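For reference, TrEMBL has these:
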type	residues	note
DOMAIN	10-191	domain 'Thiamine phosphate synthase/TenI'
BINDING	40, 41, 42, 43, 44, 72, 111, 140	4-amino-2-methyl-5-(diphosphooxymethyl)pyrimidine binding site
BINDING	73, 92	Mg(2+) binding site
């Protein structure tokens, strides 16, 4: 059975601590107005009930806009709120278990931090890979060492599913990341901490288009 392919162009990962006191719903909606194509709700160290309420509020606003909402790590919360899917890391619930629980229509993403993780990705189960960190990042203190663009090029050639790059990505380097083979860019602070989240997202949209044009010219 073929599943839908998510638009990974500008993939926002939420972070309330980096949102400068603004409500996450406001941050997300501004980003979507600017062109964000997918939202991952990452709400660590917050009571599950609070995350559930936030997720439901986001879904109420994002569904009419056709923008998927997926949940970081927590398959139980994704199920409870009716989210579009889940993103799991190498130390989280195995993707095949997430797929079995969420069903065939859900989006399931998997973090790939290096070539050693590739055997954990079954394209019959996983819809996309989150590859990174590409550059050093401050939004995830426990991140593995940065891969760099050359390793991104190599990994993208080996991956059987679309790949979104994450880690230290900004408007200044997003085009280079996409030119190196990424299908899109995943950002946290580049949008959440921006003065204007809508403008930040639209700037990233332009950078992604530029990167695709560069790649097509090679």
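Heads up, the Cβ atoms here are built off N, Cα and C, so glycines get one too.
Annotated features taken from TrEMBL, shown on the structure.
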residue	record	DSSP (3 states)
40	4-amino-2-methyl-5-(diphosphooxymethyl)pyrimidine binding site	strand
72	4-amino-2-methyl-5-(diphosphooxymethyl)pyrimidine binding site	strand
92	Mg(2+) binding site	coil
111	4-amino-2-methyl-5-(diphosphooxymethyl)pyrimidine binding site	strand
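If you draw a 10 Å sphere around the CB of residue 40 (4-amino-2-methyl-5-(diphosphooxymethyl)pyrimidine binding site), it holds 25 other CB atoms from the protein chains shown. Model confidence over the domain 'Thiamine phosphate synthase/TenI' (10-191) is summarised by a mean pLDDT of 96.
For residue 73 (Mg(2+) binding site), the number of other Cβ atoms no farther than 10 Å from its own Cβ, over all displayed protein chains, is 19. A simple way to gauge crowding: the CB of residue 72 (4-amino-2-methyl-5-(diphosphooxymethyl)pyrimidine binding site) has 21 other CB atoms within 10 angstroms, across all the protein chains here. Annotation: 43 carries the greatest number of neighbouring Cβ atoms among the binding-site residues 43, 92 [cut-off 10 Å, Cβ to Cβ].
For the pair residue 111 (4-amino-2-methyl-5-(diphosphooxymethyl)pyrimidine binding site) and residue 73 (Mg(2+) binding site), the C-alpha distance works out to 11 angstrom. Cα to Cα, residue 43 (4-amino-2-methyl-5-(diphosphooxymethyl)pyrimidine binding site) and residue 92 (Mg(2+) binding site) are separated by 15 Å. In the structure shown, across all protein chains, 42 is the one of the binding-site residues 42, 44 with the greatest number of other Cβ atoms within 10 Å.
Note on residue 111 (4-amino-2-methyl-5-(diphosphooxymethyl)pyrimidine binding site): other Cβ atoms within 10 Å of its Cβ, all shown chains, come to 22. Cβ environment of residue 41 (4-amino-2-methyl-5-(diphosphooxymethyl)pyrimidine binding site): 14, 51, 54, 55, 58, 69, 70, 71, 72, 83 lie under 8 Å away, each six or more residues apart in the same chain.
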